[in-house]
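What follows is a set of notes on a single structure, which appears directly below.
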Amino acid sequence: MVDEVTTMKDDVINANTLAWLVCSGVSILANTWSILSVSAKQKKWKPLEFLICTLAGTHILNMAIPITMYCVITLRRQHSNYDWNEGLCKVFVSTFYTLTLVTCFSVTSLSYHRMWMVRWPVNYRLSNTKKQAVHTVMGIWMVSFILSTLPAVGWHDTTDRFYTSDCRFIVTEIGLGFGVCFLLLIGGSVAMGVICIGIALFQTFSIQAGHNADKNKFNVPTIVVEDAQGKRRSSIDGSEPLKTSLQITYLISGIVFIYDFLTGFPILVVSFASLKFARSYDWMVLCVLWCSIAQSILLPMFLWACDRYRADIRMVWEKCVAIMSNDDVDEGAPYKKILPRRNRHVDQRPDPLIPSPMGLHRGHDSECPLQLHLAAPREAQEQPGLLPRGEPPSPSPTPQAATL
C-alpha cells in the first residue's frame, strides 16, 4: 500500500517536471531582460532600482539552481536508476530555502523603501539610502544563508532524516525547529510588507486627492551642492512628478500583492499544514514549486507594464555595448578620483583681487571644500592657489608700493 501511494506521488511529480523546467528557462530569460531594461532606462542608479534588480537576480538564481536541479534529477530518475543522495539533497534544500527567504525579504524591503520615500520624502533624500540599500541586501543574504544551511549541518530530525528516502524538502520533513523559524520569518515579512505598502498607497492617494497642505509639505526641491569652482559635488533629488510617483507606487504594490498571494500566503499555508499534520503531501510540493515559478515569471511582466522601466531592443543593446566597452576607458581615470588634492595639478594663476570682507580667500586652516553655490560673481568662482602650511596669504601690492 505504501509503495502504491509512493508511485502515485511520483507520477504526479513526474507529470509536472518538464513544465517546471520549461517555465524556469522562460523565467531566467525574462528576468535577465528585466535587469538589462531597468539598467538601460536609468542613467543614475537609485536604491529602488537596485532592489528591483536584486529581486530579479534572486529569481534567476532560484530558477537556475534549485528548481533546475530538482527537475533534472527527477527526469533522470524516470529514465535510469539515478536517485537523490545526501549531498545533492542538502544542496537543494539549502539553496531553495535561502533564495525563498531572500525573495520574501527583498519584497518587504521594496515596500519599506517606497513607504519611506512617499511618507517622509525629506528624511529619505537626506539619508544615505544607497548605502542602506546595499547593507540591507547584504543582511538579507547573510540571515537567509545562515538559517537555510543549518539543516545541512545537523539541525534536522535525526529519527527520519529528510534525505534518506527521496528528497523531502517540505519544512515538517526537515524538522520542527526549522519549520517554526521559517514560518515566523515568512509570516512577519509578509505582514510587514503589506503594512508598508498600505501606508504608501494611503499617502499617495491623499496627495492625489488635492490637499494643498500635504502637497506643500511633501514637495522637496532639487538641491545641488557645488564647490568654489562651480563644479557639481553632490545633489539631493527633488520630488518625483505625480505621474511617475503613481507609476512606481502601483508597480511596487503589484509586486508586493502578487508575491503575497502567489508565494507568501501559499507557503505559509503549506508550512502550517505540514507542521500540524506532521507529514507532507504531494499537493504541497506542487503548490510550493508552481508558486515559486509563477511569481518569478510575473515580475518581468509588471516591469514591462511600467513605462519607466520599459526599454526597447536598441536601448538594451547600447547599454550592453557600453558595459562591454567600459574596459577601454582611460586606465588612469579611476585613480584620479582617489588622489589627494595636493598631488593634482594646481592652477598657478595668481589669485584674483577679491576684497577681504567677502571672506573668499582660501588658506589652509579655513578651507571649505563644499558650499551651496547660488549666484556668486564669476570672479568668486575661481579657486585660488594652495599655500603652504602656516604661510599667510600675501597681500596684493598697492599702486604706491609698486612705484617704490
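Cβ from N, Cα, C; glycine included.
Keep in mind that TrEMBL annotations are predicted by a computer and have not been checked by a curator.
Note that this is a predicted model, so its numbers are computed, not measured.
Over in TrEMBL, the protein carries these features:
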- 30-167: domain 'G-protein coupled receptors family 1 profile' (DOMAIN)
- 379-404: region 'Disordered' (REGION)
- 18-38: transmembrane segment (TRANSMEM)
- 50-75: transmembrane segment (TRANSMEM)
- 95-112: transmembrane segment (TRANSMEM)
- 133-154: transmembrane segment (TRANSMEM)
- 174-202: transmembrane segment (TRANSMEM)
- 248-271: transmembrane segment (TRANSMEM)
- 283-305: transmembrane segment (TRANSMEM)
Region pair the transmembrane segment (133-154) / the transmembrane segment (283-305), three or more CB pairs under 8 Å: no
Remote residues contacting the transmembrane segment (18-38) - C-beta distance under 8 A, at least 6 residues beyond either end: 49, 52-53, 56-57, 59-60, 63-64, 67-68, 70-72, 75, 289-290, 293, 296-297, 299-301, 303-304, 309-311, 315-316, 319-320
Stretch-level contact, the transmembrane segment (283-305) and the transmembrane segment (174-202), CB cutoff 8 A, at least 3 pairs: no
Cβ-Cβ under 8 Å with the transmembrane segment (248-271): same-chain residues at least 6 beyond its ends: 48, 55, 100, 103-104, 107, 110-111, 114, 118, 170-172, 179, 182-183, 186-187, 189-190, 193-194, 197, 200-201, 204, 240, 284, 287-288, 291-292, 294-295, 298-299, 302-303, 305-306, 308-309
Outside the transmembrane segment (174-202), six or more residues from its ends: residues with CB under 8 Å to it: 93, 97, 101, 104-105, 107-108, 110-112, 114-115, 118-119, 147, 150-151, 155-157, 162, 168, 249, 252-253, 256-257, 259-260, 264-265, 267-268, 271-272, 274-275
